[in-house]
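If you check TrEMBL, you get these features:
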type     : residues  : note
TRANSMEM : 20-39     : transmembrane segment
TRANSMEM : 341-359   : transmembrane segment
TRANSMEM : 433-454   : transmembrane segment
TRANSMEM : 466-492   : transmembrane segment
TRANSMEM : 513-531   : transmembrane segment
TRANSMEM : 537-555   : transmembrane segment
TRANSMEM : 586-605   : transmembrane segment
TRANSMEM : 938-958   : transmembrane segment
TRANSMEM : 965-985   : transmembrane segment
TRANSMEM : 991-1013  : transmembrane segment
TRANSMEM : 1041-1067 : transmembrane segment
TRANSMEM : 1087-1112 : transmembrane segment
Amino acid sequence: MKDVFKEFKPSSWAIDNRTAIYIVTILITLAGLMAYLSLPKEQFPEIKIPNIIVQTVYPGTSPENMENLVSKPIEKQVKNLTGVKKVTSTSFQDYSVVIVEFNTDVKIDKAKQDVKDGVDKAKQDLPKNLPYQPEVKDIDLSELPILSVNISGNYDLKRLRKYADKVKDNIEAMKQIKQVNRVGALDREIQINVDMFKMQAAGITFDDIDHAIAGENVSTTAGEVGMNNQKRVLSIRNEFKSADEINNIIVKNGSGGSVYLRNIAQVVDSFAEQKSYARLDNKNVITLNIIKAKGANLIEASDKIQELVTKMQKSGDLPKDLTIVTTGDQSQTTRNTLHDLINTIIIGFLLVTIILMFFMGVTNALFVALSVPLSCAIAFLVLPTIGFTLNMIVLFSFLLALGIVVDDAIVVIENTHRIFDNGKMSITKAAKLATGEVFLPVLSGTATTLMPFIPLAFWKGVIGSFMFFLPITLIITLVASLLVAYIINPVFAVSFMKPESHEEHHAKRRISLRDKVLAVIFIAIAAIFYLSGNISVGNFVMFIYVFILMEKFIFSKWIHSFQNKAWPAFRDWYTRVLKMALRRPGMVLVVTLVLLPLSIFLYVLRKPPFVFFPSAQPNFAYVYLNLPVGTDQAFTNEVMRKLEAKVNTVLIDPKTGKRTDIVKSVISNVTVDAVDPNAGEIGDFPNKGKISVAFVDFAERHGISSADYLERIRNVVRSYPGAEITVDKEGGGPPLPKPVVIEITGENLDTLVATAERMKRYLKAKQVPGVEELRSDFDAHKPEIVFDVNREHMNNESISTYAVAMNLRTAIFGKEVSRFRDVNDDYPINLRLIQSQRNNIDAVKNMPIVFRDMGMGGMIRSVPVSAFADIHYGSTYGGIKRKNQKRIISLSSNVIAGFDENDVVAAVQREINDFHYSSLITVKMGGQQEEQAETMSFLGNAMLISMMLIFLILILQFNSLSRTVIIMSEVLFSITGVFLGYAAFGNTFSMVMSGIGIIALAGIVVRNGILLVEFMDMMLHEGMTPYDAIVEAGRTRMTPVLLTATAAILGLVPLAVGLNIDFGTLLSEFNPHIFFGGDSAEFWNSLAWTMIYGLSFATVLTLIVVPCMCLLSFRFKDWVKKVSGKAGAALAADDKLDEVA
């Protein structure tokens, strides 16, 4: 079977058609570079989670009635839709929100249509008098502001709003932008503030004023008139031009009397009551929150916005003394993340190249190193076709692939080099033979490497959607590396590879004519770039030339010494160690097997920190304020000012009296953009506020921890009377619920509320270490004033409840009676009582209801509200939540930094176990605990599936159960190494990242075993004894085994230790800006160390334990043959005795 692959025909064809391959390679490189530059760039991938929301408005309906009349019928129809994971609902006063969460493998459009169909079925059970049909829409998690433009200056609010709107309109006109939301601005309106008593004295009603305004503020056409053979449009334009015009409107009552509006009301061109507040560094601002369009390039969008604002100020569209500051610029974070990862990839690439140079020589190392950019170029051509963007997940995939893609090239080039150095055949024949010889092990090795990533591509849920980009990018890149190894690398080898003796001849060199010509060429090229202003490119050209000189006069000597002295000596030492191990293979195997349980025991004993998903030092700290329901936004704003003062005490440097350099900005929001998304909050609430503290980039913090500021802020705002305050950081990565979530479910609402409030007090009294502050998502005491109307009394007066309700609503909330046009915009004309009367409940009680009494001949009469309505003060529920058709109240909290999340959750669970509650109530831990359970289940299944796939490939390749088991034992070696590494160094273990690392290791470590066992079989086929074949396989394959493992490890080391070198500034300023740490390092740290620990340990054991296991398998087979042979001889002797007898 193996003889078939003495030559691999596609490789042989490529070698015979080298010119075509070179041209194709150049085209792939250029096309890949263009694809890379055009890929949209963002920090994290856009996650498309099929969450569909159904909103229904039903005015005048209490939360309980809203639940029964609207929420339940909709839940009933959508709960059994295909792919539904969870259904939650919240029933508020006057409206309902139902959220249907589907599994992530369901397309959003299909999910939305299915929910629409379910809502259509539910309509027959919904109230017939719904004023609006239920609205169905999808929740787009990517619709978060990419940056905020804050506008302030010494101008009145009207003019400031005008400038803000001008900026808003220009930004919204960009194709990269979906929408711009304005926060903190006053909305202009024409106010008609009526004096109740003057209106009563004049016999005027709200309806009379409404009709008068609407009847006079008219702009319409009456048709066309023919004149002098022309058609002219007859227009009536009598719209209000100013508030004074409205003042002079004559209002008539039902009995024929009339009065000027100015005599009963104040007409003011003013602003509506401010609904939201925004401040930047304690200064009032108008904030424009900008949301980009789907798939738009984040960095490009941010650059265009910055350019637009600058251009508008320079051109005079905006005054130069207008202060415009951008905050929360996600593009800067994205730039830093991508910049750090790209520099890390370059560091890893250089380390891999350097180690290859020592093992294989400069020329061969460059062949192998070129497989990295070529594989990436092919991947860049594929990524846009499947809708991928360039984000940190994709870039890390390339970093992880860095040490793997060279494996195929290493094996092909090293084998070519070994065969060619024997001197028995030409380089062309050697390349063809070498590629064919390793075709099968390279193919199966790459296949086994890919297998663990295939199940990861089917990971469901939020985490799975986030990590989906990792396995897909790796699969594409590794498949591309096969093409490079089989097609392009052999061509390079034929063209440039030289025999060992030729390289030795050049161990001592002197400057030649060729060197002088190269010097002139490189200096000329560099000079051209210097003169054109491209200093970095010019320096890069000179760096290449310096490297060529160093390779000739320095590196070549080091490499020659390593290859001819150090490495042969090491290989001889390894051979001796291997032979020693082969003397007692059973003992070696037993010791190795004992190491696995021992490593787990040591890990449990050391108990390193454990997290579900890694998090970096915060770039933003958020302080969330939650006041009692019913608190108005003005009071919330005053509380926020006091909170800001407390937060600022932490941010002030006591030495200078100024704000510390680590803080970039402090933004406060009230009502709008003030909810905590990690608590599942959606919407605008006047009782909520948020302070956002932005820190400078990691590289500018000079070792100062932003996490420390998070804790200091938490300490100063911890206790504030009557308020719930939580401190959190930005959610880097997928959106996740809070680590501590207690779900309390039951049907009896009073019992449920009482249990939740008791439990909250109980846990607060217990003061569980690590719990920040438990917050309830249920508002049980929303204040209200109830007008208890006596229907009989009203009917006697010929007054309807509707008429009373509408009069009260107009008096207090107001009514838009028309629109006031001003140039390019229009504003509401709002009718209501003057402020002193609408905020006076006694005045409202005595407000007259004017009506025509038909029993008295149509006489206009007025009756105070108090004549047929009693007033009660009380409270109601803010909203009733349901999950999977059960009422639910959730208590949630963050975990304070320094505490293990799982330990805190376990402590909370122990306290809950001692808490007594009704048997009708169910209490369980939710939130991240649910995600953890799902993730653990998936990763376990993914590991089993990947092992089965690897097993299948190995069985197909070797057709031997023993060899397959021997090679797959390396997975156990790698797991042993992982636990030993974490036990020894105490790194933080991440369930998600470390779990992925263990699964990925399964495919990577077995390829070394494949190389070893495959070569051993070749030696056996050539007639060697099993012992000699094992020793020769270990000795010969030691180089590619160590080389591939070292390359993979070195590719991950910069990320693991957080090494950052800025190659851009190194080339432009000769300043590398070296620092350790950063967001990318902390995010991927667990995965990198997992693979380093596992791969290092497994590689060492591969070279020792696998040969021992092979020898034991041969001895076992010999024993079986010997035993079966003796048994056969005994049976033959018995048969012979029987014949004699």
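Any Cβ shown, glycine's included, is placed from N, Cα and C.
With a cut-off of 8 Å on Cβ pairs spaced 6 or more residues apart, the transmembrane segment (965-985) and the transmembrane segment (537-555) reach fewer than 3 such pairs and are scored as not touching. Across 513-531, 537-555, 991-1013, the stretch most heavily in contact with the transmembrane segment (466-492), judged by Cβ pairs under 8 Å, is 991-1013. Taking every recorded stretch in 938-958, 991-1013, 1087-1112 and counting its Cβ pairs under 8 Å to the transmembrane segment (433-454), the highest total belongs to 991-1013. For the transmembrane segment (586-605), the list of distant contacts is 972-973, 975-980, 982-984, 1101, 1104-1105, 1108-1109, 1112: same-chain residues at least six beyond its ends, Cβ to Cβ under 8 Å. Ranked by Cβ pairs under 8 Å to the transmembrane segment (1041-1067), the stretches 341-359, 537-555, 1087-1112 are led by 341-359. Listed by sequence, the residues of this chain that lie at least six past the ends of the transmembrane segment (1087-1112) yet keep a Cβ under 8 A from its Cβ atoms are 400, 574, 577-578, 581-582, 585-586, 588-589, 592, 963, 966-967, 969-970, 973-978, 980-982, 985, 987, 990, 993-994, 996-998, 1000-1001, 1004-1005, 1008-1009, 1012-1013, 1016, 1026-1027, 1030-1031, 1033-1034, 1038, 1041-1042, 1045, 1048-1049, 1052-1053, 1055-1056. Within the chain, the transmembrane segment (513-531) has long-range Cβ neighbours (under 8 A, six or more residues past its boundaries) at 537-539, 541-542, 544-545, 548-549, 552.
Same-chain neighbours of the transmembrane segment (537-555): 357, 362, 509, 515, 518-519, 522-523, 525-530, 1067-1068, 1070, counting only residues six or more beyond its ends whose CB sits under 8 Å from a CB of the stretch.
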